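Undergrad: The structure's right below; bear with me while I get my questions together.
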């Protein structure tokens, strides 16, 4: 058994029994029903292998982790023009803050806060019809994970459609400033649906692999993005991937990462591995409580921090 | 000639002749007199060698780069209690913003914005008299750089004493909240003086080496801080080291770094090198214009980005 | 000819020919078509007479002036419970600012900024169906003005329905905080429609009369609200009636007043008169340019300032 | 006994025995020692009479009430140029907020928040030496009150000199923006001293009389300011005189007024009376608790609200 296998197995076992599990998000009612006892981890190595443990075959709602892939897609479609719409600075504010947006005239700080991701989705909609756009996003994830079983959880999407007032406020606010250009309801519809994509940690770790390997899929060798773009997406993940907990994640885990309110986190150890963890209970900043702890332990044990082995 | 030597030499030459040089800071009058034509670069390798080019023997005012060393010193003196006084999240605001400080009741976002660094200095003053504290800071830098010639430029310190109204506002504001506990004038006096330390890029690259090598000086092998602490200081540098230009620096350069308004930048390539650049002209965010470009070129050429070789 | 008649006539003539007329609001497209050359003024005296001049029989879109009447209606329906939903402090921000709303957890500063007025409309909808609510508001104005000809301009309402993204953002934002409780689309529908009520200055001056006379209609003697409530509505108009130009209006005009983006202003000289002015061109704060000047001249000439005859 | 005399006497008696007295300010240590059991009221009528009750011969620290007089003095010295330095809009923020100051580049919202009053003091210092300036301010109050016994309480001034960190932050902040032009320490010295002026309610009501009577002293008939300026000062008092409690004061009391953290309030009933109340206990907004209640009762009983008799 390799060192990675041992680490993954032991961490999963440790996390399975820990009593502190955080609190499941309830602001999307459908997510509130998920059993907080679950934990899963998967590591996609540079050899293309996926080593996993825990509830690693259970699909979960990837939510904001999807923003990494819509950003990648939008950059592929229109290049750096994306950065005219959204910045790439940490926001210093919670994920749904509208204050900064007012001071900065409707231009979101970065593509990983909600406003920024809605803006990126709106940009994709400038090229596609809503249904097509959603198909593109889903197929992109299926392609990256090499698994057509990945699907959109319609119940979660519908749940957020009914209750996503903050996001509706953000989108209308940007529409008033002209930084959302499409029809607000369509943009939000696609946004809520791509956040509702369900994946297992196995699929997610595999889908993120290109970011760990200079933009190439380590299994097929196909280039997804250029090496420079992969580096840059990683940089934005590190500085902005955890809302106003980004500094803390960098401090403790030391890897680029993107969390979702469904309890998933995708983390990238450049040159080494793509890692997905999932545990539904969240900490005060809205990031997976056990997921973050598991990543901290794994990184430390494997010497994978980008800030020094 | 090694690849590093070639890179350093060519970049220095390219920077020397570039017409775009940014604007020298004028808010500290004494700094406004520096010749913007200067450029220097030094790389301290893991073998303990320092490879330098340009105006690499000219001392410059390290200003905010000193914050990396006062943070290291304070952490060494009192450990993680430092983090009760200052956070470690990016601020999303300019270096001298007082707004966040009001919302967050006088607790600065991180130790690298001015308020945070003043607070760290105030913490050091809880253990030392002002003159002693300043001596400790200076000796720490002389020790790290293995060079007793490093000195405090009294003219610069005096210049900032006379004109540092923003910093005086910040310090008094924190005193009102109780997050500065000492005498405001003493705290500011020490702060202005450690910002006025003058160093060459050779000295600075050497002084930062321990951060690139798990907390150990690669020449002597002596441990300055633990490997974990070195990683964590690097993490804070990456997310917070360039004020509201931190995301941009991570995106373009891909290294932990700390800039100063004197035009210096210290950047750390973990496991590889400690790099100091200096050019007095600043960009709109107050960071060295040519310094940042030089680091971008060096990192790209050497494959040193922490986000993927 | 009485002194009031002379004043009204001369001011109307002076305003008619002034070259500086401000800029017509364009953010509601339908309002952008109004001829900026128009000016009207009407004074309803304590004897119940209405003295008018200029385009005083031309209906215009009263827009935010309607907020005075929806507030009065809501206070009549549920009493001081209204103040649990909205504050009564000046906002110090533009009419559509969302920042304060975030800091204050969705409770609008006062009933005269857009968020506050939407919240008041939402409160009315807790007792009535949308169509009924709108009927109540319209009938209340017809009753106060004693004129059934007052109507809702459907083209203006539809225009704002299509383009009111800021208001949609505010309403969704309050819905997320729970300070709007009804269906956002219904609340906004009623809000946009009551803002689209069209009145002449004659009708408006008459409708506001009860506020100048201790809550009683000076013609019929019927009590609309208690004397105390009339005083208090006037107080809120004075401190909050002109968004972030409220201080300026108090300084220059010295009367409680409420402006609308259609160019109308209702001002109250307690114990003396209710005054309506209209001129479509706005100043930088979004208040009628000539309307404010006309009121300043009238108040000064008649010695009607509440701050000293 | 006149109606005013009866009202004053009864209100004083009622306030004397009320159990709810608010909390004495402690942020200036010297003020924290004042007995909260005290209450005083004085009304200066248009006939020049002063009707008083309670502890009406006990001097108290007028604190921010002094800002009305420094504003009047500055307007007299340089006219409307004062308004280039400070605005006249309500701030919507607490008295010592620094946030707005940053967004508005160092120009305070109005002359009655601390920053604005410091700026007005700084303006007076552009014409006088510190000691002279303070003499001018004191003599102006002695002249208005026709009483040379009015003095500066040096212990209070010294207490605030030692502890006024917020004000020191504000002054340095404005100095950094260039909206304070003199020496910060001198400006603050004069500011702290004029806030430390001690007066009785009798003296204060008399000193404010000119504001109730078109700028003229009703006893001597001498003009202090023009009628227009008196009205305008009253307008600023009404919209800005109670920090973020200004709307509430207008709503409840209905008079222009200025409060001080020493528990004093000066209120103006235009054309009728100048009223001073004092009770050291403050409410949550930092305004005299019983003082405000007493004014509400007096205004209601006498029908003095500017918003309707």
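Cβ atoms here come from the backbone N, Cα and C positions, even for glycine.
Keep in mind the model is a prediction, meaning the values are calculated, not measured.
Annotation source TrEMBL lists substrate binding site at B:64, B:114, B:160, B:167, B:191, B:243, B:261.
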Undergrad: Is it possible to get the count of other C-beta atoms within 10 angstroms of the C-beta of residue B:167 (substrate binding site)?
TA: 23
Undergrad: Whose Cβ, among the binding-site residues B:191, B:243, has more other Cβ atoms within 10 Å than any of the rest?
TA: B:191
Undergrad: In Å, how long is the longest CA to CA span across B:64, B:114, B:160, B:167, B:191, B:243, B:261, which the record gives as the substrate binders?
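TA: The substrate-binding residues span at most 20 Å between Cα atoms.
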Undergrad: Have a look around residue B:261 (substrate binding site) and count the other CB atoms within 10 A of its CB, chains all included.
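TA: Neighbour count, Cβ to Cβ under the 10 Å cut-off: 22.
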Undergrad: Provide the number of Cβ atoms within 10 Å of the Cβ of residue B:160 (substrate binding site), excluding the reference atom itself.
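TA: There are 23 such Cβ atoms around residue B:160 (substrate binding site).
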Undergrad: Look up residue B:160 (substrate binding site) in the DSSP assignment and reduce it to helix, strand or coil.
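TA: Assignment for residue B:160 (substrate binding site) reads helix.
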Undergrad: In three-state terms from DSSP, label residue B:261 (substrate binding site) for me.
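TA: Going by the DSSP assignment, residue B:261 (substrate binding site) belongs to neither helix nor strand, so it counts as coil.
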